[in-house]
Amino acid sequence: MDSNTVSSFQVDCFLWHVRKRFADQELGDAPFLDRLRRDQKSLKGRGSTLGLNIETATRAGKQIVEQILEEESDEALKMTIASVPASRYLTDMTLDEISRDWFMLMPKQKVTGSLCIRMDQAIMDKNIILKANFSVIFERLETLILLRAFTEEGAVVGEISPLPSLPGHTNEDVKNAIGVLIGGLKWNDNTVRVSETLQRFAWRSSHENGRPSFPPKQKRKMARTIEPEV
């Protein structure tokens, strides 16, 4: 196993522990708590994949971070912060919408890259809106936290989420996943639109009414249902 992979996991575990202690003091805002929950799932998945114990990794990560801090000067810290572009966290969904339980009568699932797409293909003739929580950098989507499809009644009928065991995805990965989700939902004559926030940062080629316009390859796929569950 690559040593950088192990040390990266160890540092991530310790930094999550620090953030959790911060949240336990009721100091974190909604986006902070949202990321904390998502990162916890990601760390559990990575730990399982790597065969590493999270508690042991957290202790090792603490030693690594302490060593770095001992060697870090205030001036170097200022230069590092100034050189890193700041990302913004955008929320379409409330905490209730993020944590809302849902089940599928006709479950379908597809994995594309490091993203998992799930939907209920029993849903028919509904008006559906896609909402997402994600970070933005340079006016483009940086990291998808969670995307969900809601009916007008507020029911969750679809979802795109990062796979904990496969961290990392691009803006194009997210766009492709959105296309697959919309294609599956439209199969049963549902009307699907994308939130204004998603249109602006993740789906730039959209019509004014919020219904996305697909590239030719994606349009051909629209006539097919989503692939069988994996």
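Keep in mind that glycine also has a Cβ here, set from the backbone N, Cα and C atoms.
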Query raised in the report: In Swiss-Prot, which of 34-38, 59-63, 189-193 is labelled motif 'Nuclear localization signal'?
Result: 34-38
Report task. Take the motif 'Nuclear export signal' (137-146) and average the pLDDT across it for me. Result -> 84
Query raised in the report: Of the residues in the motif 'Nuclear export signal' (137-146), how many are helix, strand and coil by DSSP?
Result: 0 helix, 8 strand, 2 coil
Query raised in the report: When the region 'RNA-binding and homodimerization' (1-73) is classified with DSSP, how many of its residues are helical, how many are strand and how many are coil?
Result: 61 helix, 0 strand, 12 coil
